[in-house]
Amino acid sequence: MFSTVDPVLLARVQFGLNISFHILFPAINVGLAWVLVYFKRKLAKTGDEAWMDAYRLWVKVFALSFAVGVVSGITMSFQFGTNWPGFMDRAGNVAGPLLGYEVLTAFFLEATFLGIMLFGSNRVSPRVHTLATVLVAVGTSLSTFWILALNSWMQTPTGHEIIDGKIHVVSWWQVIFNPSFPFRLTHMLLASGLTIAFLLAGLSAYRWLRGDRGGDVRAALRTGVFLGAMLIPAQIVVGDLHGLNTLEHQPAKIAAMEGIWKTGTSLPAVLFGWPNEVESRNDWELVAPIPGLASFYLTHDFKGEIQGLEAFPNAHPPVLPVFLAFRIMVGVAMLMLLVSWVGAWQLRRRGEPRPWLARTLVGMTFSGWVAVLAGWYVTEIGRQPFLVYGILRTSEAASKVPAPLIGTSLTLYILLYLFLITSYIAVLFYLARQAARKDGEAFKAEAETPQPVIPNR
Amino acid sequence: MQIHDLSQPAGWLPLVFLGLLALAMLVYVILDGYDLGIGILLRRAGDEEKDMMIASIGPFWDANETWLVLGVGILLTAFPIAHGIILTSLYLPVTLMLIGLILRGVAFDFRVKARAHHKPWWNRAFYTGSLLASLSQGLMLGRYITGFAPGVASWLFAVFVALALAAGYSLLGSCWLILKTSGTLQLRAVRWARGSLWLTALGVAAVSVVTPMVSSRIFDKWFTLDNLVWLFPIPLLTAGLFLWIERLLRAFPDRQAAGDTRHDWLPFVISAGIFLLAFIGLAYSLFPFLVVDRVDIWQAASAPKSLMFLLVGVVIVLPAILFYTVYAYRVFWGKAHPLSYY
């Protein structure tokens with residue numbers, strides 16, 4: 001059934017599927033780990049049990065996401081070898097140590113202290129338990145650091161030399177702190193913060209709409225909405241800077257994102273269209289009425305010149321997916337801005353959300369996932385046809401495993417992941433409903449009487 | 001075999017990383033071995049026992065599996081060529097193992113978080129995933145030992161190793177339960193351990209017999225008179241450990257009835273010792289090759305500069321990892337308690 005399909009394409013689809021599935025869970029947990037630290041801190045400072053109730057629900061979400069993240073991450077570590085032996089052969093001198101540092105400094109730290117964080121609160125002192133929680137959070141962030149260092153190096157490689165076709169490192173500092181790394185790392189950390197912000201807000205709004213309006217629901221809802229409202233402007237600024245950085249180092253990606261086919265000055269911004277690679281133009285193009293807008297936001301000059309796709313023959317990415325994914329990402333970001341700011345306004349003014357807003361938040365529970373995936377597709381498909389930009393082509397790195405074998409395992413993975421993602425989302429909402437039932441007195445009044453400080457356990 | 005100048009980084013670095021690879025794989029097999037084994041045994045236990053069995057591995061399994069990532073990571077980093085050959089040759093069992101590990105990993109969390117009437121299904125997923133992962137790892141080991149030789153006989157051998165490794169993991173798992181539980185569950189664990197003992201022993205024997213037959217080089221390493229003298233303790237000690245644990249397990253119910261818990265830890269240590277000796281024997285046979293008689297560690301190694309960069313990290317971080325791993329085990333020392341998040 002798969003024997004007629006290009007094995008490189010199958011290997012890419014399989015790897016893409018795994019990495020897409022995997023990233024969903026770190027995207028939640030990198031942010032959620034720090035939110036849990038925050039909940040513990042608030043509990044210690046205010047003594048308000050609502051923070052403990054919130055911690056109780058969200059630590060379960062964390063444990064579940066962590067398990068799914070770990071096992072799909074193990075899959076990734078094998079697929080570097082099974083799907084891209086050419087990558088490890090040529091770029092292994094860079095990729096290997098960076099992945100190695102991720103395992104050594106991050107994976108063991110988070111996995112080991114997770115046990116203490118989840119199950120050890122009655123076996124260690126509150127101080128040690130808080131320390132374990134912080135170390136788990138540090139671990140998740142360190143992991144982001146290393147993997148994004150590698151990914152950014154693949155996008156904007158520096159600090160290396162090529163001897164006999166193999167990449168050798170000249171300066172590790174330049175390899176790690178390559179030109180796109182600071183932007184990509186910040187962009188991803190903020191994306192994780194936004195993912196968890198809308199997940200917090202969405203699940204809490206769901207509980208709110210069900211009439212479960214205890215202190216923990218309010219606390220988590222406020223945390224989510226205000227976190228989102230704070231992070232989204234920062235994300236838009238960082239995203240813009242990241243775009244400028246990409247224009248400098250990967251102009252072909254920008255041309256695909258913007259749907260610019262011909263090099264020119266004073267280019268207008270294409271709001272929407274349907275890139276047509278056969279005729280090198282956009283069908284149904286809708287252009288912003290401001291002349292030179294694309295030139296302006298890319299070069300910060302209305303008359304700036306931008307290279308079109310024609311400047312990169314045989315070395316530019318497929319345009320349609322990059323173009324569409326970019327619009328999805330930006331669209332979700334705009335929606336996030338609108339909803340989180342209206343939400344923050346309502347919470348400040350009225351202390352509670354209006355039902356329509358709560359419903360919108362429920363609808364946006366997983367909006368972070370959509371934006372994260374769309375963003376990753378922009379940057380990863382946008383790097384094509386290269387695996388390491390300008391150095392190693394994807395087709396050169398692919399495995400010699402026959403297509404039917406890849407196809408069979410791909411089918412297994414698709415079925416498994418569909419099942420898991422459905423179960424995961426169902427269980428999250430189920431946990432949210434359960435949290436209300438266990439509380440018993442979930443419908444506590446807003447006004448809390450001051451309580452003595454309880455050690456956080 | 002080419003002689004390498006061990007005073008040069010290109011000579012000694014591959015050796016150091018081979019040592020690290022061996023350490024990671026050994027720790028993985030013993031640590032994840034016991035929690036995979038408990039997964040395999042789960043089907044035989046009653047509902048409350050199931051919860052207690054899972055509780056005995058709850059705080060550890062994430063970190064246990066990380067040793068696999070470290071092992072594969074070192075193989076990938078230090079010996080990329082061998083990584084490519086091995087994982088491409090083992091594509092199918094690797095895929096099956098990963099699916100097994102995914103199933104059991106998520107089932108661990110889902111079984112207590114999903115609706116109560118879904119719990120038996122997640123228990124089944126935990127069992128199936130553990131079994132699938134163990135069998136796949138055994139199949140990989142069997143295929144690896146024969147140098148991925150084609151033919152029915154070598155595949156039959158691989159299938160047998162798969163069954164034997166699953167039995168070996170069950171042995172580790174039941175000995176872990178003897179250490180971490182008490183009462184009727186502990187007694188059942190003793191029975192499970194005795195049941196898995198003979199297949200484990202057969203597996204160790206089969207690997208010991210087949211490995212020298214794969215290659216005349218390996219045969220000569222074992223069966224020259226000089227070598228045999230100082231190698232002989234390995235099979236002898238292994239056989240001794242098997243006999244010892246058998247006697248210990250047979251006497252266990254009486255000891256438990258007498259309230260003697262002093263030796264609860266001993267079966268686990270002995271079974272880990274069996275794995276250690278089997279591992280040493282295998283490592284001695286294969287050294288210095290990563291793919292039997294085809295690719296040795298110096299041919300497969302990455303650039304010395306990259307290995308050196310990683311070694312700095314290893315030297316600093318690995319002691320810390322070992323330290324806090326021991327710490328985590330100490331925190332949960334003693335008999336297991338039902339799991340609770342707070």
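First residue shown is number 1, and so on along the chain.
Keep in mind that glycine also has a Cβ here, set from the backbone N, Cα and C atoms.
From a predicted model like this one, the values you see are computed outputs, not experimental measurements.
Pulled from TrEMBL:
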TRANSMEM  B:12-31  transmembrane segment
TRANSMEM  B:81-103  transmembrane segment
TRANSMEM  B:124-146  transmembrane segment
TRANSMEM  B:152-177  transmembrane segment
TRANSMEM  B:197-215  transmembrane segment
TRANSMEM  B:227-245  transmembrane segment
TRANSMEM  B:265-287  transmembrane segment
TRANSMEM  B:307-329  transmembrane segment
Two-stretch contact, the transmembrane segment (B:124-146) and the transmembrane segment (B:197-215), at least three Cβ pairs under 8 Å: yes
Remote residues contacting the transmembrane segment (B:307-329) - C-beta distance under 8 A, at least 6 residues beyond either end: 9, 13-14, 16-17, 20, 59-60, 63, 77-78, 301
Cβ contacts the transmembrane segment (B:152-177)/the transmembrane segment (B:197-215), at least three under 8 Å, sequence gap 6 or more: yes
Contact call for the transmembrane segment (B:197-215) and the transmembrane segment (B:12-31): at least 3 Cβ pairs under 8 Å, seq gap 6+: no
